[in-house]
Amino acid sequence: MKGKKLFIIYQIGRIATVIILILFVILLFFKTQILHAMNMFGLCIVIFSCLILEVFCILALNAYVRNKSMTLTNEEHLSYVSLLTHKVYKRNKNLKAYGLLLMARDALLLRKEKKAQEILESIELDHLNPAQQKLYYLIQVVLNVLFNQETHDDLIRYSVIKSKNKQYPDEDRVNKAVEEKHHDELIKMIQETRKMQHIPSYLFLLLGLMIFHIIFYIGLSSQLKTGWILRPRYALYASLISYLLYIILSGFVLYKVYQLRKKHHELSALNKAIHVIISGFLMLVVVVLCGYFGIVSLFLNDVDEKQVAHHAPNSYASWQYYEVINSNGYTSTKDYYYSQDGLFFLHASRPVRKNTQANQTTPSPQTSAQPVQNSQSGALESNQAILAVYHLIEKESLLDHMQLEYLYDAKGNIYAKIGQKEENGKTYSYTLNDNGIKSGQREIVLERQSGNEDVQLVDFYLFDGQKVTDEHKTSW
């Protein structure tokens with residue numbers, strides 16, 4: 001039957017939307033660097049935007065099924081509503097009461113008066129809203145007429161409940177049909193209550209996608225950790241789309257406010273004019289602001305990004321390396337970033353290649369630290385020492401977020417960024433620097449810096465080629 005088929009479609013749709021949402025979140029969290037690039041609040045915003053989209057997908061599904069249900073025959077609709085009530089609505093008392101009400105109506109339309117009366121008596125009125133209670137009393141009035149019972153009290157209750165819903169017949173028409181005991185007319189009135197306003201399901205889907213994009217982009221763009229940015233090209237187009245959606249949603253909200261006021265209040269010509277003027281002014285403000293920021297983003301910030309070759313081996317060897325040039329018409333800046341997923345960019349200093357022809361420095365057997373060697377063997381030893389110290393720090397869980405990145409300074413000396421840690425409201429970036437040879441061992445210095453503040457010494461380590469020794473000191 002079509003009723004059962006529609007119920008199956010509804011059930012599959014509900015399950016499918018949940019599965020799609022879960023798959024999207026899994027792909028987003030495990031196929032991109034979002035867990036490393038964003039703070040916890042930003043991740044919560046992203047998850048919230050996904051939940052918003054899920055809600056609107058369910059609303060779109062409900063609208064689609066509701067529209068389809070209006071094309072069913074009374075018998076098919078009774079089958080559909082029965083399945084819905086006993087399998088989906090059973091855990092929610094309000095929904096269950098509404099489902100039973102629809103079942104009673106369909107049974108009455110099929111001229112199964114006794115069954116309709118039994119279902120109606122099983123409904124708890126406290127779980128019906130006023131509009132649903134109005135339908136309840138209308139059905140009870142019709143059943144009382146069919147059973148030759150008193151209708152006075154139910155007619156009064158039906159008349160007392162006011163509803164703007166046009167699917168309910170007016171009181172005079174009902175009273176006249178009751179007085180004349182016009183059974184066919186009463187059944188016709190019940191049949192008319194099946195007609196509901198047709199709301200295109202795609203409107204809910206479009207509205208959900210618009211709200212999702214705005215919240216999702218706000219979360220991505222405003223809650224990134226230090227050193228991370230969104231891909232400039234994506235950020236540009238996503239922001240332009242957001243500005244456009246702000247305008248569309250503002251117009252939609254103002255229109256809906258006007259509709260609600262018109263539905264619940266009789267608006268005079270003056271009130272309508274005032275509403276139009278205020279709405280027009282608000283829309284103008286939104287359009288001007290969004291247009292201004294959109295034009296600034298599109299024309300005054302010229303961003304050029306291109307993929308370039310890696311300049312030095314590091315822990316991001318499998319990542320892409322990008323050169324980003326940002327120009328505002330007056331000044332131009334050039335930055336370099338690593339990216340694994342093409343969406344989140346991690347800032348990277350442009351490495352300078354070592355000069356392997358430089359003079360080597362021979363270490364002396366003194367206890368003071370000697371200059372870092374510029375030979376290839378010295379670079380290899382520095383690399384190994386830094387890696388060993390990194391593993392020790394990682395094992396001791398000293399930092400919140402750890403990632404090893406080898407770089408070179410302007411003099412060709414190797415150093416490494418190893419991660420970040422938040423402390424006292426500040427975010428510190430930690431680096432390991434080679435301090436040369438001390439007592440036959442390579443000394444590695446752990447430093448940290450927050451923004452443009454002075455560099456702080458955190459600890460000193462010695463590496464003998466096999467193990468790392470913590471010197472437990474914070475000064476030279």
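Note that Cβ sites are derived from N, Cα and C of the backbone, with glycine treated the same way.
Positions annotated as transmembrane segment by TrEMBL: 12-34, 40-65, 202-222, 234-255, 276-300. Per TrEMBL, region 'Disordered' is recorded for 355-375.
Within its own chain, the transmembrane segment (40-65) has Cβ neighbours under 8 Å at 6, 9-10, 13-14, 17-18, 21, 24-25, 28, 34, 199-205, 207-209, 211-212, 215-216, 218-220, 222-224, counting only residues six or more beyond its boundaries.
Tertiary neighbourhood of the transmembrane segment (202-222): same-chain residues 38, 42-43, 45-46, 48-50, 52-53, 55-57, 59-60, 63, 230, 235, 238-239, 241-242, 245-246, 248-249, 252, selected by CB-CB distance under 8 Å and a gap of 6+ residues from either end. Residues 207, 210-211, 213-214, 217-218, 220-221, 279, 282-283, 286-287, 290-291, 293-294, 297-298, 301, 303, 343 of the same chain lie 6+ residues outside the transmembrane segment (234-255) yet bring a C-beta within less than 8 angstroms of a C-beta in it. For the transmembrane segment (12-34), the residues of the chain that approach it from at least six positions outside its boundaries are 43, 46-47, 50-51, 53-54, 57-58, 61, 64-65, 228, 339-341, 343-344, 346, judged by C-beta separation under 8 angstroms.
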